[in-house]
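**Student:** Okay, handing you the structure first.
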Amino acid sequence: MSRFVTSVSALAMLALAPAALSSGAYANDKLVELSKSDDNWVMPGKNYDSNNFSDLKQINKGNVKQLRPAWTFSTGLLNGHEGAPLVVDGKMYIHTSFPNNTFALGLDDPGTILWQDKPKQNPAARAVACCDLVNRGLAYWPGDGKTPALILKTQLDGNVAALNAETGETVWKVENSDIKVGSTLTIAPYVVKDKVIIGSSGAELGVRGYLTAYDVKTGEQVWRAYATGPDKDLLLASDFNIKNPHYGQKGLGTGTWEGDAWKIGGGTNWGWYAYDPGTNLIYFGTGNPAPWNETMRPGDNKWTMTIFGRDADTGEAKFGYQKTPHDEWDYAGVNVMMLSEQKDKDGKARKLLTHPDRNGIVYTLDRTDGALVSANKLDDTVNVFKSVDLKTGQPVRDPEYGTRMDHLAKDICPSAMGYHNQGHDSYDPKRELFFMGINHICMDWEPFMLPYRAGQFFVGATLNMYPGPKGDRQNYEGLGQIKAYNAITGDYKWEKMERFAVWGGTMATAGDLVFYGTLDGYLKARDSDTGDLLWKFKIPSGAIGYPMTYTHKGTQYVAIYYGVGGWPGVGLVFDLADPTAGLGAVGAFKKLANYTQMGGGVVVFSLDGKGPYDDPNVGEWKSAAK
């Protein structure tokens with residue numbers, strides 16, 4: 001693996017090891033402190049709980065109708081813009097789709113670009129990217145007095161870079177993924193202590209998934225844990241799943257595969273993370289096995305489709321719960337992990353993790369040991385599973401919707417897109433409600449055999465997608481929902497239909513509001529208690545990212561990326577017409593181009609459009625000549 005790293009010598013690093021540990025702890029404390037400030041949005045999900053919730057309430061359900069654009073910024077790129085910007089100490093950091101440019105703006109005058117990073121990438125990465133050329137965001141590390149504050153980014157060509165947050169200069173760069181075998185990067189980096197955590201992409205090309213921790217200051221690899229293979233590669237702790245041995249323990253990363261199929265077995269993780277400083281565990285999900293054709297890979301295919309809790313320092317897995325053994329539908333299990341502290345049905349206080357999965361089930365686990373607390377359908381139209389057995393953790397399949405070679409499965413709900421995909425959802429701790437964006441889409445599935453060839457798609461299925469039973473199948477609308485969910489009772493307080501899938505996710509605030517963007521190009525605000533639509537605004541292109549909020553000089557702002565794309569937008573972006581193209585997405589979203597077109601940028605809102613340009617001097621040119 002080639003890598004360019006600017007750092008001190010290995011000998012000096014050994015001498016500095018004790019200091020590095022203390023400086024890492026300092027930096028992590030500083031990051032936690034920044035995440036608690038309403039002025040900032042310093043990481044995906046806002047904080048380590050990954051709940052996309054803000055205590056801000058200057059904008060509330062009583063005045064949200066007064067929201068107006070305060071300013072905008074165009075990224076100059078037209079592919080899908082997922083994730084959200086970061087705001088740290090008066091600066092906004094903006095990322096883009098390929099070629100993964102980064103911009104820093106000062107919030108006093110966002111019309112002036114403080115710095116920009118436009119990396120030179122291997123264009124071959126475009127050909128092996130699965131589902132548009134998206135990227136899910138940036139990470140911030142606050143520095144430790146010796147190393148400056150950093151912006152961490154991933155590139156589609158598999159590189160990870162650390163930029164000086166003040167100047168944009170590259171501090172280090174390292175190759176994480178090999179595009180020659182189809183391994184790319186779309187994930188947002190995740191900073192914990194003195195490490196930056198990086199996932200992987202490419203399961204559709206047979207890439208074996210892994211999670212890597214790098215020293216945030218130098219780019220040196222600290223540990224790497226695989227999703228499949230021998231226990232030593234998986235970094236299974238000696239007490240792995242000790243509280244839940246029925247989930248499986250040792251030897252299964254190879255023993256649940258035929259021969260060496262695990263070597264090209266997928267399980268990449270390109271979604272979202274959460275972290276609990278109390279348990280020191282990083283929580284994330286692994287993706288689908290490869291190929292999609294289930295006949296070609298007998299067995300449970302562990303540990304794809306798994307929620308892992310891994311020690312942040314060592315990478316060791318303390319627990320792993322496989323949600324969909326022997327996945328048959330591409331239900332990649334990488335979706336958002338949201339942390340909460342609630343009382344269970346018996347009144348016992350629990351530290352919980354809630355995860356809405358692509359397979360149509362929303363799971364809640366005890367995040368200290370992985371014990372399953374609840375597992376409920378995201379919608380009553382889910383038909384691949386009848387239920388989940390809480391004692392064994394196993395889903396109860398309906399064989400009618402299996403995808404074996406001797407059976408042409410029709411009207412499978414959910415589709416391969418899942419009833420939930422990469423959208424980053426929110427949790428309101430006062431209401432104990434999760435606000436989730438849903439893809440209400442079903443499919444027909446026709447499997448076929450194919451050989452593995454490195455760097456080529458390794459799928460083995462033709463898909464046709466269309467609206468779910470609650471949608472309009474004649475007009476191909478009603479493909480999405482917004483829902484308010486209680487993880488303890490399993491009840492949905494309210495749900496609202498949308499024209500298209502709600503792909504980007506939601507943000508909740510103490511102003512009794514839930515914000516989200518839509519594929520047809522609206523930013524919307526709903527009442528947290530009732531789901532009533534209180535406000536909407538037409539933005540320049542469809543939204544596949546999630547909203548964020550911050551304050552600057554006493555004013556609350558709400559920001560969202562515009563830029564349709566991602567898997568739902570591949571037909572529009574690449575001008576495709578075959579309904580089975582785009583791995584089935586083109587047919588489902590055949591009407592999308594009637595409502596929006598490509599774009600790329602950020603729109604920032606405030607009450608009455610108040611902002612930096614209320615000052616007539618901001619943004620004006622002044623001659624230096626006397």
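Glycine residues also receive a Cβ, built from the backbone N, Cα and C atoms like all the rest.
Straight from Swiss-Prot, here's the annotation block:
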ACT_SITE  ASP330  active site, proton acceptor
BINDING   GLU204, ASN288  Ca(2+) binding site
DISULFID  CYS130-CYS131  disulfide bond
DISULFID  CYS413-CYS442  disulfide bond
SIGNAL    1-27  signal peptide
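Let's see these features in context: how buried, what's close, how far.
**Tutor:** When other Cβ atoms within 10 Å of the Cβ of ASP330 (active site, proton acceptor) are tallied across all protein chains shown, the result is 28. Under the DSSP three-state reduction, ASP330 (active site, proton acceptor) is assigned to coil, being neither helix nor strand.
Long-range Cβ neighbours of ASN288 (Ca(2+) binding site) (same chain, at least 6 residues apart, Cβ-Cβ under 8 Å): ALA203, GLY266, GLY267, THR304, MET305, ASP327, ASP330, TYR331, ALA332, GLY333.
All chains included, 21 other C-beta atoms sit within 10 angstroms of the C-beta of CYS131 (disulfide bond). When secondary structure is read from DSSP and collapsed to three states, CYS131 (disulfide bond) falls in the coil class.
For CYS413 (disulfide bond), the number of other Cβ atoms no farther than 10 Å from its own Cβ, over all displayed protein chains, is 18.
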**Student:** Just checking, which of CYS130, CYS442 (disulfide-bonded residues) has the fewest C-beta atoms within 10 Å of its C-beta?
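**Tutor:** With the disulfide-bonded residues CYS130, CYS442, fewest surrounding Cβ atoms within 10 Å: CYS130.
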**Student:** Round to a whole number and give the Cα-to-Cα distance in Å for the pair CYS130 (disulfide bond) and GLU204 (Ca(2+) binding site).
**Tutor:** 7
